[in-house]
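Trainee: Quick one: structure below, then a few questions.
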Amino acid sequence: MKVAVNTFLLFLCSTSSIYAAFALNSDGAALLSLTRHWTSIPSDITQSWNASDSTPCSWLGVECDRRQFVDTLNLSSYGISGEFGPEISHLKHLKKVVLSGNGFFGSIPSQLGNCSLLEHIDLSSNSFTGNIPDTLGALQNLRNLSLFFNSLIGPFPESLLSIPHLETVYFTGNGLNGSIPSNIGNMSELTTLWLDDNQFSGPVPSSLGNITTLQELYLNDNNLVGTLPVTLNNLENLVYLDVRNNSLVGAIPLDFVSCKQIDTISLSNNQFTGGLPPGLGNCTSLREFGAFSCALSGPIPSCFGQLTKLDTLYLAGNHFSGRIPPELGKCKSMIDLQLQQNQLEGEIPGELGMLSQLQYLHLYTNNLSGEVPLSIWKIQSLQSLQLYQNNLSGELPVDMTELKQLVSLALYENHFTGVIPQDLGANSSLEVLDLTRNMFTGHIPPNLCSQKKLKRLLLGYNYLEGSVPSDLGGCSTLERLILEENNLRGGLPDFVEKQNLLFFDLSGNNFTGPIPPSLGNLKNVTAIYLSSNQLSGSIPPELGSLVKLEHLNLSHNILKGILPSELSNCHKLSELDASHNLLNGSIPSTLGSLTELTKLSLGENSFSGGIPTSLFQSNKLLNLQLGGNLLAGDIPPVGALQALRSLNLSSNKLNGQLPIDLGKLKMLEELDVSHNNLSGTLRVLSTIQSLTFINISHNLFSGPVPPSLTKFLNSSPTSFSGNSDLCINCPADGLACPESSILRPCNMQSNTGKGGLSTLGIAMIVLGALLFIICLFLFSAFLFLHCKKSVQEIAISAQEGDGSLLNKVLEATENLNDKYVIGKGAHGTIYKATLSPDKVYAVKKLVFTGIKNGSVSMVREIETIGKVRHRNLIKLEEFWLRKEYGLILYTYMENGSLHDILHETNPPKPLDWSTRHNIAVGTAHGLAYLHFDCDPAIVHRDIKPMNILLDSDLEPHISDFGIAKLLDQSATSIPSNTVQGTIGYMAPENAFTTVKSRESDVYSYGVVLLELITRKKALDPSFNGETDIVGWVRSVWTQTGEIQKIVDPSLLDELIDSSVMEQVTEALSLALRCAEKEVDKRPTMRDVVKQLTRWSIRSYSSSVRNKSK
């Protein structure tokens, strides 16, 4: 093509001097000049556009008037690319230009405005950029302007408003922005206005109501705000109205008194409130009505029954209540009826069975009850029936097997009983069948894949029995097979080659026999779950050929033999669980090559030999379970396992000392090395501050228990038993020695008998040692107090040299200029300091002028923050103390605060449940660290989303804890001078008191957790000042028990996943326990961490499984 272009242009150059000789008129010359801007010209044009012609009137795409002047240029979809040249202005008689469906780029030439006779412009479906030229306003004869599907930007040109007879404007699919002109109503002859899929903002202009000729109004997929203008009721000729996917609010103001012409109304994905206008029944031509994902409420109007032409009704994702109106059965043209995710109750009206053309019936996630009317099962046109997450009951009728068009049937999480009709699938092209979490009995129908269309079969959590139909193993279209938690028995099916199965879960049944080697044919499978069965024999090495496998769970069976080394070929494997079997031999060292592995569980088998060093090299491993085997030798170095959270090596034959680099595992929460032959001291554990569970019992450890571990002596004292030489290191005065029924104090000596010291001698030695220690302590304290100030001043002044970091920070912020302010709080102003692209800091300035003891308070904050280190707490980088103020330097968090993410981004930033759960877990870890792992403990005093900062990975970091009071070691709460905290987050006991406690922080955390779940503020405007988020959630939860009425609507789709539903429900319950009025009913933050992480471990496999359904 490039050769053709060059040849054509060369031809033009060589013939430029002969235009006159052959008398090619000026229009022809102008057209040839346009081609010089094209980079790709089709051969049809190069052959047709001949410079030797006298006129271009016979050229391809060109039409002329009677005087041989070009009046039409139509090159639509010819495959031309290049720029649209300014020479177009030479075509003075041009009335119509159509260049749609090509590859034009660059700007639309402003010279197009010189073609004063133009009536029709179509430049759609190209790649034009830049603004729409204002010069187009000079085209007073223009009637049609089509610029859709380009990359145009900038505002709507107001010059177009002066074109008197403009009828159609198509600007769809660009990047136009700014407000729609308020006087757009001046375009009085407009019939079509397409402004959808742009970035327009501001309100919908009320002047649109002046354009009574308007038939099509598309404003969808913009950033429009405010209410719909009531003036739209004036548009009696309107046929299409689409304002979906904006941020419009308020009641729907349309009375629909004069709506005889309207065909389609789409209001979806806005924030409309109130009910639907009853006047909708007047719109007798209405074919489609959509208002899903708004905040509409009240009953569904029965007037829809008057709309006999209505074929599509979308009301999903609102707050509609009451019963489904039986009048809907009169909508004889209905094809698609979607009322899901509301609060509808009662039975499904049998009148819906009269909708003989219905193809899609979606009523899921409501409160519907009773049996599904038999008439529904007789709608022969039905393709998709989605009734899941209701309270429906009864049995499935045999009639359903005659639904020949049925493609998808989802009834999960109801109370259906009886046998699944055995002919289901034999007469239809069924692709999806989901009956999970019901009470079905009997056998799996044998013909579900007889039409070779089945893609997803989900029958988990029922009471099905018998074997898996053999044809499922040969169902090449099957992608998801989930039969978990039934009473199925027999052997596993054999799988043929060229299978498309992606997800395979038969766990929790009674399957027996070997794992078939044919599982190796599932080349696309990503997850295999066969746990909790009675499978026997060896693990087939053919599983090693599953290169896409990510999850393999064979636990709780009676498998024996070795663990095949071929599994190391599954390079994407992230979970391998073969625990609770009879496996033996050594653990393959090749498993260390699985770089994506996050969980390895081989516990409760008979593995022997040493632990392969290669297993301890994975920096992604979170959970390593090797307990209950016959492993021997030393524990290999573990320092590379930086992400490890749980390590279980218990009940083996390990010896030697704990690895010295065990203390480097800063994320470790659970450690169990009990019932081994390990020796040495526990000194390496003293630096692991993240531990929430430890068991080192029944070993040969000696020496003192590190102070950081003594907290476990009360919660789990037996975790230290069976170590006869282990002791507690008591203070010299002996008055504060931790009590333990398991361990003795380290300074307690048994009577040595003859030749030993007398009791008096021992007492004198102890007394002398105590006096010496006291004197040494007093002398050290004197030196410390005497030197503290000078040392501090030296440290501070040393930071203020010309090349110091302080100097650079002040320079970057122009001496703390207000334009760098990114936040202000009760304790200071925060600035953003950018030293370089990879060195961005937050600088907090605390002013002391007029504040008594300000510098002392500053030192307290600095000392507190400076010694606290945790991945979920903001880290102090530097500090400087000056006469009038102090500066603290932190790492800048680019995602701002949790408050910003939840409430200030527009449009709201998408946050799935996994992200919210991680934020909740991280925040809990940080707060638990402050409460239990700092010595003395720290009460934050103002936990709220604004004090939870999020890094680039949305990992939470608690800030502003440096001003917290330091708890006395022997107290649980401390009186402060003033009531501190934020309204809405303060615990009830703190509203009129100055006492702050760890329990107060727990209450505040509960409020934050509710905000994560609901995406509502603690004092949300929707509460109308009558309550706070705790009261609102408790009221709705008590009255309805429906999580869907509480959670952020954007999470509703995820709640389809039963494991997510379970986690969100339990998180809500935990949040309410944290926010109990009575202090002693609240859990500790350590309890909160345990529960949140327990969900993560317990739901790890099931959540992965359900997300893949």
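Placement of Cβ uses the backbone N, Cα and C atoms for every residue, glycine included.
According to Swiss-Prot:
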| type | residues | note |
| --- | --- | --- |
| REPEAT | 93-115 | repeat 'LRR 2' |
| REPEAT | 213-236 | repeat 'LRR 7' |
| REPEAT | 309-331 | repeat 'LRR 10' |
| REPEAT | 333-355 | repeat 'LRR 11' |
| REPEAT | 405-427 | repeat 'LRR 14' |
| REPEAT | 453-476 | repeat 'LRR 16' |
| REPEAT | 477-499 | repeat 'LRR 17' |
| REPEAT | 596-618 | repeat 'LRR 22' |
| REPEAT | 620-642 | repeat 'LRR 23' |
| REPEAT | 667-689 | repeat 'LRR 25' |
| REPEAT | 690-710 | repeat 'LRR 26' |
| TRANSMEM | 765-785 | transmembrane segment |
| TOPO_DOM | 786-1109 | topological domain 'Cytoplasmic' |
| DOMAIN | 816-1096 | domain 'Protein kinase' |
| BINDING | Ile822, Gly823, Lys824, Gly825, Ala826, His827, Gly828, Thr829, Ile830, Lys845 | ATP binding site |
| REPEAT | 827-850 | repeat 'LRR 27' |
| ACT_SITE | Asp942 | active site, proton acceptor |
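Help me picture these features in the structure, burial and contacts included.
Mentor: Long-range contacts of the repeat 'LRR 2' (93-115) within the same chain: residues 27, 40, 65, 67, 69-87, 121-139, 141, 146-147, 152, each at least 6 residues beyond the stretch ends and with a Cβ under 8 Å from a Cβ of the stretch.
Helix first, then strand, then coil: DSSP counts for the repeat 'LRR 7' (213-236) stand at 5 helix, 7 strand, 12 coil.
Note: the repeat 'LRR 10' (309-331) comprises 5 helix, 7 strand, 11 coil (DSSP; helix = H, G, I, strand = E, B).
Confidence annotation: the repeat 'LRR 11' (333-355) carries a mean pLDDT of 96 in the model.
Taking Cβ pairs closer than 8 Å, the repeat 'LRR 14' (405-427) reaches residues 359, 364, 380-398, 433-451, 453-454, 458-459, 464, 1058 in its own chain, all 6 or more past its ends.
Residues of the same chain lying 6 or more positions beyond the ends of the repeat 'LRR 16' (453-476) and with a Cβ under 8 Å from any Cβ of it are 407, 412, 420, 425, 429-447, 482-496, 498-500, 505-506, 518, 1058, 1109.
Nonlocal intrachain contacts for the repeat 'LRR 22' (596-618), taken as residues 6+ away from its ends with a CB within less than 8 angstroms of a stretch CB, comprise 550, 555, 563, 571-590, 624-638, 640-641, 643, 648-649, 654, 1100.
With a cut-off of 8 Å between Cβ atoms, the residues of this chain six or more beyond the repeat 'LRR 23' (620-642) that come close are 574, 579, 587, 595-613, 648-662, 664-667, 672-673, 678, 1097.
Tertiary proximity for the repeat 'LRR 25' (667-689) is limited to same-chain residues at least six positions away from its ends with a CB under 8 Å from its CB atoms, namely 627, 635, 642-661, 695-709, 719, 722, 726, 869-871, 929, 933, 1089, 1093.
Here the repeat 'LRR 26' (690-710) has, by DSSP, the following mix of helix, strand and coil residues: 3 helix, 8 strand, 10 coil.
Of all Cβ atoms in the protein chains displayed, 10 besides its own lie within 10 Å of the Cβ of Lys824 (ATP binding site).
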Trainee: Work out, from DSSP, the number of helix, strand and coil residues along the repeat 'LRR 23' (620-642).
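Mentor: So the repeat 'LRR 23' (620-642) is made up of 0 helix, 7 strand, 16 coil.
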Trainee: Quick test of the contact rule: Cβ under 8 Å, at least six residues beyond the ends. What residues does that give for the repeat 'LRR 26' (690-710)?
Mentor: 650, 666-683, 716, 718-723, 725-729, 738, 743, 746, 870, 925, 928-929, 933, 935, 1086, 1089-1090, 1093
Trainee: Would you kindly list the residues that approach the repeat 'LRR 17' (477-499) from elsewhere in its chain, counting only those six or more residues past its ends and only Cβ-Cβ distances under 8 Å?
Mentor: 431, 436, 444, 449, 452-470, 505-516, 518-519, 521-525, 529-530, 535, 1105, 1108-1109
Trainee: Taking the Cα atoms as reference points, how far is Lys824 (ATP binding site) from Asp942 (active site, proton acceptor) in Å?
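Mentor: Pair distance, Cα basis, whole Å: 15 Å.
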Trainee: Measure from the CA atom of Gly828 (ATP binding site) to the CA atom of Asp942 (active site, proton acceptor) and give the result in Å, rounded to a whole number.
Mentor: 14
Trainee: Going along the chain, which residues six or more apart from Ile830 (ATP binding site) have their CB under 8 A from its CB?
Mentor: Val821, Ile822, Gly823, Lys824, Ala842, Val843, Lys844, Lys845
Trainee: So, three-state DSSP: helix, strand or coil for Ile830 (ATP binding site)?
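Mentor: It is in a strand.
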Trainee: State which of the following recorded positions has the fewest other Cβ atoms within 10 Å around its Cβ: Ile822, Gly828, Asp942.
Mentor: Ile822
Trainee: With DSSP assignments reduced to helix, strand and coil, which class does Asp942 (active site, proton acceptor) get?
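Mentor: In three-state terms, Asp942 (active site, proton acceptor) counts as coil.
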